[in-house]
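What TrEMBL says about this protein:
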type	residues	note
DOMAIN	43-213	domain '3-hydroxyacyl-CoA dehydrogenase NAD binding'
BINDING	SER72, LYS79, SER148	CoA binding site
SITE	HIS169	site 'Important for catalytic activity'
DOMAIN	215-312	domain '3-hydroxyacyl-CoA dehydrogenase C-terminal'
Amino acid sequence: LCRGLLGPRGTSQSCWHPVSLMFVVGHMSSGLWFELSTMPTCNVAAATGHTVVLVDQTEDLLAKSKKGIEESLRKVAKKKFAENPKAGDEFVEKTLSSISTSTDAASVVHSTDLVVEAIVENLKVKSEVFTRLDKFASEHTIFASNTSSLQITNIANATTRQDRFAGLHFFNPVPLMKLVEVIKTPMTSQKTYESLIDFTKALGKHPVSCKDTPGFIVNRLLVPYLLEAVRLYERGDASKEDIDTAMKLGAGYPMGPFELLDYVGLDTTKFIMDGWYEMDAKNPLFQPIPSLNKLVAENKLGKKTGEGYYKYK
(Lines of atoms letter the chains of each structure in order from A and count residues from 1; the text may use other names and numbers.)
(Lines give C-alpha, C1' and ligand atoms only; values in the text may rest on other atoms or scores of the structure.)
Protein backbone atom coordinates (compact mmCIF):
# COMPACT_ATOMS: atom_id res chain seq x y z
CA LEU A 1 0.00 0.00 0.00
CA CYS A 2 2.90 2.35 -0.65
CA ARG A 3 0.76 4.71 -2.75
CA GLY A 4 -1.68 4.84 0.12
CA LEU A 5 0.99 6.28 2.37
CA LEU A 6 0.52 9.59 0.64
CA GLY A 7 -1.89 11.89 2.44
CA PRO A 8 -4.92 13.41 0.72
CA ARG A 9 -2.85 16.48 -0.14
CA GLY A 10 0.06 14.40 -1.43
CA THR A 11 2.17 14.72 1.71
CA SER A 12 3.78 11.88 3.61
CA GLN A 13 1.63 10.58 6.47
CA SER A 14 2.08 7.99 9.21
CA CYS A 15 -1.53 6.89 8.64
CA TRP A 16 -2.96 5.54 5.40
CA HIS A 17 -5.12 7.91 3.39
CA PRO A 18 -6.24 6.91 -0.10
CA VAL A 19 -5.17 9.45 -2.70
CA SER A 20 -8.05 8.54 -5.00
CA LEU A 21 -11.39 6.90 -4.36
CA MET A 22 -13.96 5.43 -6.69
CA PHE A 23 -17.60 5.27 -5.65
CA VAL A 24 -19.48 2.69 -7.71
CA VAL A 25 -23.18 3.47 -7.57
CA GLY A 26 -26.28 2.18 -9.28
CA HIS A 27 -29.49 4.14 -9.72
CA MET A 28 -32.00 2.06 -7.78
CA SER A 29 -35.69 2.22 -8.59
CA SER A 30 -36.43 3.68 -5.17
CA GLY A 31 -33.44 6.00 -5.19
CA LEU A 32 -33.54 6.49 -1.42
CA TRP A 33 -30.29 4.83 -0.41
CA PHE A 34 -28.59 6.36 -3.42
CA GLU A 35 -29.80 9.81 -2.39
CA LEU A 36 -29.21 9.56 1.33
CA SER A 37 -25.94 7.66 1.43
CA THR A 38 -23.85 7.75 -1.71
CA MET A 39 -23.90 11.47 -2.49
CA PRO A 40 -23.18 12.71 1.05
CA THR A 41 -20.42 10.09 1.40
CA CYS A 42 -18.81 11.43 -1.77
CA ASN A 43 -19.18 14.94 -0.38
CA VAL A 44 -17.47 14.04 2.89
CA ALA A 45 -14.60 12.31 1.10
CA ALA A 46 -14.08 15.16 -1.36
CA ALA A 47 -14.40 17.83 1.35
CA THR A 48 -11.57 16.17 3.29
CA GLY A 49 -9.20 16.47 0.35
CA HIS A 50 -9.62 13.13 -1.38
CA THR A 51 -9.92 12.79 -5.14
CA VAL A 52 -13.24 11.09 -5.88
CA VAL A 53 -14.50 9.45 -9.06
CA LEU A 54 -18.22 8.66 -9.14
CA VAL A 55 -19.08 5.76 -11.45
CA ASP A 56 -22.53 4.86 -12.78
CA GLN A 57 -24.09 3.28 -15.86
CA THR A 58 -24.96 6.37 -17.93
CA GLU A 59 -23.99 10.01 -18.28
CA ASP A 60 -27.57 11.04 -17.50
CA LEU A 61 -27.46 9.24 -14.15
CA LEU A 62 -24.07 10.75 -13.39
CA ALA A 63 -25.34 14.24 -14.23
CA LYS A 64 -28.23 13.68 -11.84
CA SER A 65 -25.78 12.48 -9.21
CA LYS A 66 -23.51 15.48 -9.64
CA LYS A 67 -26.48 17.83 -9.38
CA GLY A 68 -27.59 16.09 -6.20
CA ILE A 69 -24.08 16.33 -4.78
CA GLU A 70 -23.97 20.07 -5.46
CA GLU A 71 -27.39 20.60 -3.86
CA SER A 72 -26.30 18.63 -0.81
CA LEU A 73 -23.06 20.61 -0.56
CA ARG A 74 -24.88 23.93 -0.75
CA LYS A 75 -27.16 22.88 2.12
CA VAL A 76 -24.09 22.01 4.19
CA ALA A 77 -22.36 25.26 3.23
CA LYS A 78 -25.43 27.34 4.10
CA LYS A 79 -25.32 26.02 7.66
CA LYS A 80 -21.55 25.83 8.03
CA PHE A 81 -20.85 29.28 6.60
CA ALA A 82 -24.06 31.08 7.58
CA GLU A 83 -22.22 34.32 8.29
CA ASN A 84 -19.85 34.11 5.33
CA PRO A 85 -21.68 33.13 2.09
CA LYS A 86 -18.56 33.75 0.00
CA ALA A 87 -16.61 31.20 2.01
CA GLY A 88 -19.52 28.81 1.54
CA ASP A 89 -19.39 29.21 -2.23
CA GLU A 90 -15.64 28.60 -2.18
CA PHE A 91 -16.16 25.46 -0.09
CA VAL A 92 -18.68 24.12 -2.59
CA GLU A 93 -16.53 24.86 -5.63
CA LYS A 94 -13.39 23.41 -4.04
CA THR A 95 -15.19 20.23 -3.05
CA LEU A 96 -16.82 19.81 -6.46
CA SER A 97 -13.43 20.20 -8.14
CA SER A 98 -12.32 17.02 -6.35
CA ILE A 99 -15.21 14.98 -7.81
CA SER A 100 -15.20 13.64 -11.35
CA THR A 101 -17.49 11.12 -13.04
CA SER A 102 -17.13 8.17 -15.39
CA THR A 103 -19.19 5.41 -16.96
CA ASP A 104 -16.09 3.27 -17.56
CA ALA A 105 -15.24 1.63 -14.25
CA ALA A 106 -12.49 -0.49 -15.76
CA SER A 107 -10.50 2.52 -16.95
CA VAL A 108 -10.79 4.25 -13.58
CA VAL A 109 -10.12 1.44 -11.16
CA HIS A 110 -6.53 0.71 -12.20
CA SER A 111 -5.36 4.02 -10.68
CA THR A 112 -7.66 3.95 -7.65
CA ASP A 113 -6.56 3.31 -4.07
CA LEU A 114 -9.98 2.53 -2.61
CA VAL A 115 -13.23 1.41 -4.23
CA VAL A 116 -16.44 1.91 -2.25
CA GLU A 117 -19.46 0.15 -3.73
CA ALA A 118 -22.99 1.37 -3.00
CA ILE A 119 -25.20 -0.35 -5.55
CA VAL A 120 -28.46 -2.29 -5.18
CA GLU A 121 -28.58 -4.80 -2.30
CA ASN A 122 -28.30 -7.87 -4.52
CA LEU A 123 -25.48 -10.37 -4.03
CA LYS A 124 -25.39 -11.45 -7.68
CA VAL A 125 -25.17 -7.88 -8.97
CA LYS A 126 -22.54 -6.84 -6.42
CA SER A 127 -20.47 -9.95 -7.16
CA GLU A 128 -20.56 -9.28 -10.90
CA VAL A 129 -19.38 -5.70 -10.40
CA PHE A 130 -16.50 -6.68 -8.13
CA THR A 131 -15.44 -9.59 -10.36
CA ARG A 132 -15.08 -7.17 -13.27
CA LEU A 133 -13.29 -4.50 -11.24
CA ASP A 134 -10.93 -7.09 -9.78
CA LYS A 135 -9.55 -7.82 -13.24
CA PHE A 136 -8.47 -4.22 -13.79
CA ALA A 137 -7.64 -2.95 -10.29
CA SER A 138 -4.05 -2.52 -9.14
CA GLU A 139 -2.65 -5.00 -6.66
CA HIS A 140 -2.72 -2.44 -3.84
CA THR A 141 -6.35 -1.36 -4.36
CA ILE A 142 -8.71 -2.02 -1.46
CA PHE A 143 -12.33 -2.96 -2.15
CA ALA A 144 -15.12 -2.06 0.29
CA SER A 145 -18.87 -2.59 0.21
CA ASN A 146 -21.36 -0.25 1.86
CA THR A 147 -23.92 -3.06 2.16
CA SER A 148 -26.19 -2.94 5.18
CA SER A 149 -27.60 -6.47 4.98
CA LEU A 150 -25.42 -8.84 2.94
CA GLN A 151 -22.44 -10.75 4.28
CA ILE A 152 -19.13 -9.23 3.18
CA THR A 153 -17.48 -12.64 2.80
CA ASN A 154 -19.99 -13.68 0.16
CA ILE A 155 -19.26 -10.54 -1.88
CA ALA A 156 -15.49 -10.81 -1.41
CA ASN A 157 -15.54 -14.39 -2.71
CA ALA A 158 -16.21 -12.98 -6.18
CA THR A 159 -12.69 -11.50 -6.22
CA THR A 160 -9.08 -12.65 -5.89
CA ARG A 161 -8.36 -10.09 -3.17
CA GLN A 162 -10.23 -11.35 -0.12
CA ASP A 163 -7.39 -10.02 2.03
CA ARG A 164 -8.01 -6.52 0.64
CA PHE A 165 -11.79 -6.61 0.99
CA ALA A 166 -13.91 -5.35 3.88
CA GLY A 167 -17.19 -3.67 4.74
CA LEU A 168 -17.47 0.09 5.16
CA HIS A 169 -20.99 0.89 6.36
CA PHE A 170 -21.93 4.58 6.66
CA PHE A 171 -25.07 5.87 8.37
CA ASN A 172 -27.68 8.45 7.37
CA PRO A 173 -27.49 11.38 7.20
CA VAL A 174 -23.81 10.85 6.38
CA PRO A 175 -22.59 14.45 6.96
CA LEU A 176 -24.04 14.41 10.49
CA MET A 177 -23.65 10.80 11.60
CA LYS A 178 -20.17 10.12 12.97
CA LEU A 179 -20.44 6.35 12.97
CA VAL A 180 -18.92 4.02 10.38
CA GLU A 181 -18.94 0.24 10.84
CA VAL A 182 -15.73 -1.37 9.57
CA ILE A 183 -16.47 -5.04 8.93
CA LYS A 184 -13.58 -7.46 8.92
CA THR A 185 -14.00 -10.90 7.35
CA PRO A 186 -11.83 -13.87 8.36
CA MET A 187 -9.74 -13.16 5.24
CA THR A 188 -9.35 -9.37 5.65
CA SER A 189 -5.71 -8.55 6.38
CA GLN A 190 -4.75 -6.50 9.40
CA LYS A 191 -3.14 -3.95 7.08
CA THR A 192 -6.38 -3.53 5.13
CA TYR A 193 -8.38 -3.22 8.33
CA GLU A 194 -6.02 -0.62 9.81
CA SER A 195 -6.01 1.30 6.52
CA LEU A 196 -9.80 1.60 6.56
CA ILE A 197 -9.78 2.65 10.20
CA ASP A 198 -7.31 5.42 9.29
CA PHE A 199 -9.45 6.43 6.31
CA THR A 200 -12.67 6.75 8.31
CA LYS A 201 -10.87 8.84 10.91
CA ALA A 202 -9.54 11.08 8.12
CA LEU A 203 -13.18 11.69 7.15
CA GLY A 204 -13.86 12.90 10.68
CA LYS A 205 -15.85 9.76 11.47
CA HIS A 206 -15.78 7.38 14.43
CA PRO A 207 -15.11 3.79 13.28
CA VAL A 208 -16.29 0.73 15.17
CA SER A 209 -15.19 -2.81 14.38
CA CYS A 210 -17.42 -5.80 13.79
CA LYS A 211 -17.09 -9.34 12.52
CA ASP A 212 -18.98 -10.33 9.37
CA THR A 213 -22.26 -11.20 11.06
CA PRO A 214 -25.82 -10.51 9.76
CA GLY A 215 -26.69 -6.85 10.26
CA PHE A 216 -23.30 -6.11 11.82
CA ILE A 217 -23.89 -4.10 15.03
CA VAL A 218 -26.48 -1.39 14.46
CA ASN A 219 -28.92 -3.15 12.13
CA ARG A 220 -28.71 -6.39 14.10
CA LEU A 221 -30.05 -4.49 17.11
CA LEU A 222 -32.18 -1.91 15.30
CA VAL A 223 -34.20 -4.03 12.86
CA PRO A 224 -35.56 -6.48 15.48
CA TYR A 225 -36.51 -3.45 17.61
CA LEU A 226 -38.43 -1.94 14.69
CA LEU A 227 -40.17 -5.21 13.93
CA GLU A 228 -41.16 -5.72 17.57
CA ALA A 229 -42.72 -2.24 17.52
CA VAL A 230 -44.83 -3.26 14.51
CA ARG A 231 -45.86 -6.51 16.21
CA LEU A 232 -46.92 -4.50 19.27
CA TYR A 233 -49.07 -2.35 16.98
CA GLU A 234 -50.47 -5.33 15.05
CA ARG A 235 -51.58 -7.01 18.28
CA GLY A 236 -53.51 -3.86 19.17
CA ASP A 237 -51.48 -3.30 22.32
CA ALA A 238 -50.81 0.36 21.44
CA SER A 239 -51.27 2.79 18.55
CA LYS A 240 -48.32 3.56 16.32
CA GLU A 241 -48.53 7.20 17.41
CA ASP A 242 -48.27 6.27 21.09
CA ILE A 243 -45.44 3.82 20.41
CA ASP A 244 -43.49 6.55 18.61
CA THR A 245 -44.16 9.07 21.37
CA ALA A 246 -43.18 6.58 24.07
CA MET A 247 -39.82 5.78 22.49
CA LYS A 248 -39.00 9.43 21.85
CA LEU A 249 -39.92 10.67 25.31
CA GLY A 250 -39.12 7.53 27.28
CA ALA A 251 -35.95 6.34 25.55
CA GLY A 252 -34.74 9.67 24.18
CA TYR A 253 -34.76 8.49 20.55
CA PRO A 254 -34.94 11.27 17.91
CA MET A 255 -37.51 9.26 15.92
CA GLY A 256 -40.09 6.70 16.92
CA PRO A 257 -39.90 3.26 15.27
CA PHE A 258 -42.69 3.93 12.76
CA GLU A 259 -41.23 7.31 11.82
CA LEU A 260 -37.86 5.64 11.32
CA LEU A 261 -39.32 2.81 9.26
CA ASP A 262 -40.95 5.33 6.92
CA TYR A 263 -37.73 7.34 6.72
CA VAL A 264 -35.52 4.34 5.91
CA GLY A 265 -38.03 2.83 3.48
CA LEU A 266 -40.33 -0.10 4.19
CA ASP A 267 -38.95 -2.00 1.21
CA THR A 268 -35.44 -1.68 2.62
CA THR A 269 -36.52 -3.06 5.98
CA LYS A 270 -38.45 -5.90 4.33
CA PHE A 271 -35.42 -6.77 2.19
CA ILE A 272 -33.21 -7.06 5.26
CA MET A 273 -35.85 -9.02 7.18
CA ASP A 274 -36.43 -11.44 4.28
CA GLY A 275 -32.71 -12.11 3.98
CA TRP A 276 -32.37 -12.86 7.67
CA TYR A 277 -35.48 -15.07 7.57
CA GLU A 278 -33.90 -17.15 4.80
CA MET A 279 -30.79 -17.62 6.93
CA ASP A 280 -32.66 -18.48 10.14
CA ALA A 281 -36.36 -19.16 9.60
CA LYS A 282 -36.85 -20.44 13.14
CA ASN A 283 -35.70 -17.22 14.80
CA PRO A 284 -38.81 -15.52 16.25
CA LEU A 285 -37.25 -12.08 15.69
CA PHE A 286 -37.09 -12.64 11.92
CA GLN A 287 -40.69 -13.75 11.31
CA PRO A 288 -42.70 -12.01 8.53
CA ILE A 289 -44.68 -8.88 9.41
CA PRO A 290 -48.16 -8.84 7.76
CA SER A 291 -48.70 -5.06 7.78
CA LEU A 292 -45.19 -4.41 6.46
CA ASN A 293 -45.61 -6.92 3.63
CA LYS A 294 -49.00 -5.43 2.73
CA LEU A 295 -47.70 -1.86 2.56
CA VAL A 296 -44.73 -2.87 0.41
CA ALA A 297 -47.01 -4.81 -1.95
CA GLU A 298 -49.12 -1.64 -2.31
CA ASN A 299 -45.95 0.41 -3.01
CA LYS A 300 -46.51 2.43 0.17
CA LEU A 301 -42.84 2.52 1.07
CA GLY A 302 -42.69 5.50 3.43
CA LYS A 303 -41.66 9.12 2.91
CA LYS A 304 -40.20 8.52 -0.54
CA THR A 305 -43.61 7.44 -1.94
CA GLY A 306 -45.72 9.76 0.20
CA GLU A 307 -47.23 7.03 2.36
CA GLY A 308 -46.08 4.22 4.61
CA TYR A 309 -47.25 3.71 8.15
CA TYR A 310 -48.00 7.44 8.02
CA LYS A 311 -49.20 9.67 5.18
CA TYR A 312 -47.00 12.55 3.96
CA LYS A 313 -48.13 15.61 2.00
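Every residue gets a Cβ built from N, Cα and C, even glycine.
Just so you know, TrEMBL annotations are computer predictions that nobody has curated.
Note that the structure is a prediction, hence the values are computed from the model and not measured.
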Next item on the list: Just report the maximum Cα pair distance in Å for the recorded CoA binders SER72, LYS79, SER148, no decimals.
Entry: 29
Next item on the list: For the recorded positions LYS79, HIS169, work out the Cβ neighbour count at 10 Å and name the residue with the minimum.
Entry: LYS79
Margin query: Let's see if you can do this one: DSSP helix, strand and coil counts over the domain '3-hydroxyacyl-CoA dehydrogenase C-terminal' (215-312), in that order.
Written below: 65 helix, 3 strand, 30 coil
Checklist line | Cα proximity to HIS169 (site 'Important for catalytic activity'), best match among binding-site residues SER72, LYS79, SER148 | finding: SER148
Item checked: CB within-chain contacts under 8 A for SER148 (CoA binding site), separation at least 6 -> GLU121, HIS169, GLY215, PHE216, ASN219, THR268, ILE272
Check: So how many other Cβ atoms are close to SER72 (CoA binding site), meaning within 10 Å of its Cβ?
Finding: 20
Note to self: Need one number: mean pLDDT over the domain '3-hydroxyacyl-CoA dehydrogenase NAD binding' (43-213).
What the structure shows: 90
Next item on the list: Going by DSSP, give the three-state secondary structure for SER72 (CoA binding site).
Entry: helix
